[in-house]
Every structure is written in structure tokens, then in C-alpha cells.
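See below for the structure under consideration.
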Amino acid sequence: MQKYLEKANVLIEALPYIRKFNSKIILIKYGGSAMENEELKHCVMQDIALLKLVGLKPIIVHGGGKDISAMCEKLGVKSEFKNGLRVSDKATTEVASMVLNHINKNLVHSLQNLGVKAIGLCGKDGALLECVKKDENLAFVGTIQKVNSKILEELLEKDFLPIIAPIGMDEDFNTYNINADDAACAIAKALRAEKLAFLTDTAGLYEDFNDKNSLISKISLEQAKILAPKIEGGMHVKLKSCIDACENGVKKVHILDGRVKHSLLLEFFTDEGIGTLVG
């Protein structure tokens, strides 16, 4: 009997959060191990399907860096990085578009199998993500100048769950590879999302990454600004994205460990949460 009561308590604990976030836009940046491990991938898709089916409005922006690198190697296309960003010449950009499109359609299929009306897009569809060249040395890597959010608003209104590949375009319809974190942040800001969640390969934000006891479960925007200069590496960039989002209309940003099964549900629908909440 006790185990049944525990299950009931889990549902009761989730109820106020389901009510609070009903009809709210939730932007999920999907990447890392949660994309590469089939069991984790299925858990993430289940989480997102549940978010949708209980009344939230999730949108997915996905990465695909490791798959792009593997395909470049297979096809003999040179792939190099500068400051953590892939140098994207014409050939590399074509490979990235192909791989991201393949990933996108697989995600659509996974969610449709869970009863969700999912639809796949890239940033060139309907000029969703308009961008300019980020740096001449990076070739066709784009910085987003405009998000045509009306497309997404109309899809949400029609009960679709948009899944977006981070490919953009300039005014001449040239194709650009866009960092998936940047794309997720820009879209969340344009839609003034209730939440932006980054699925990562770390437990969250650490005050000192070498001290695993220094995990920060919650941090205000002002505290995040003070901490940001002290953080190094990829998490520094991630925290800057969190600050940018919170300063531009996104209510809360979450840094979650995508290696933990059902981390999205644990963060959004439980009192303790998991990972780091910014804002």
C-alpha cells in the first residue's frame, strides 16, 4: 500500500506546478549525452510528451555536433574548431544541414509515437532565423539578428510542438550553422518564454567546478552576474546565455543534467528540483 501512496504523492506534488505552468512556453535546448544514449533519449522524449499533454507548450532546439563531426570524417570533409565553434565552409555547412535534418525528423517521429503533434523546422523555414556572419574566420557560422516568432506562435496555437534545427539564413538565403545554445536563447527571448532549459553533461552550475559540493541549486540574476566572471570554460558561456535570457523576457533558466533520467520532470514538477535555477 505504501508504494501506491508514494506514487499518489508524486502526482499531488506535481499538481501546483502543472497548474502554474499551464499554457506557458517552455524552450528546451536538447543536446549532449541525452541525445546520444538511446535510453536517455527515450526518457527525454517521454518527459517532453508529458509536458505537452498536461498543458505546457514545449519547443525543442536540438544540437548534433558529434554526429556532424562523425559524418564529416566519413565523407572526408575537413572539420576544425576555433574558440569552441565549428569552422563552417560550404561543404561543412552542407553536411551540418543534412545531419541536423536527419536528427530533426527522428525526433519528430519519436514524439509522434508518443501521441504528440510534433513538427520539424530549421531556421530557413519561413525565414525563422535570420542571421549574419559571426566572424570571417568561422566562414558560414551565423549570429542571429531576428527571430520571426510569429511562425512558432501560430504552430503553438494549432497545438503543434515545434522541433528546430539550428540552421539559419542571411538576406541572400545563404545557409549558416548556428550554435544551438545561441539559437535556443534567441528563440526563448523572442517568445518571452516562461522557461529555458539547457540539457547538459554536468549536474548544474558549480561555484568551483573542482569542488563537487559547490553545486548551486538556485541563483538570482544579480548573483549570476557577479559569479559569471569567476566561471571558466563552457559553463561561463552557458551562464552568460542564462543572464542574457533573463534580462530579455525569459522568466527562469534551468541548467540540467541530461544524463539523469527524467531530469526535466524532476526540475519542473518537484519541490526540490534538480540542477541549477537561474533568475
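Any Cβ shown, glycine's included, is placed from N, Cα and C.
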Taking Asn177, Asn210, Asn213, Asn248 as the options, which does Swiss-Prot list with Gly64, Gly65, Arg86 at the substrate site? Asn177
Under 8 Å between C-beta atoms and at least six apart in sequence, can you list the same-chain neighbours of Gly65 (substrate binding site), or say none if there are none? Gly31, Arg86
Looking only at the recorded positions Lys29, Gly64, Asn177, Lys238 (site 'Transition state stabilizer') has its closest CA neighbour at Lys29
Starting from the substrate site formed by Gly64, Gly65, Arg86, Asn177, give every other residue of that chain whose CB sits within 8 Å of the mean position of their CB atoms, in sequence order. Gly63, Ile68, Ser69, Ser88, Ala96, Val99, Leu100, Pro166, Asn179, Ala180
For the C-alpha pair, I'd like the distance in angstrom between Asn177 (substrate binding site) and Lys29 (site 'Transition state stabilizer'), rounded off. 16
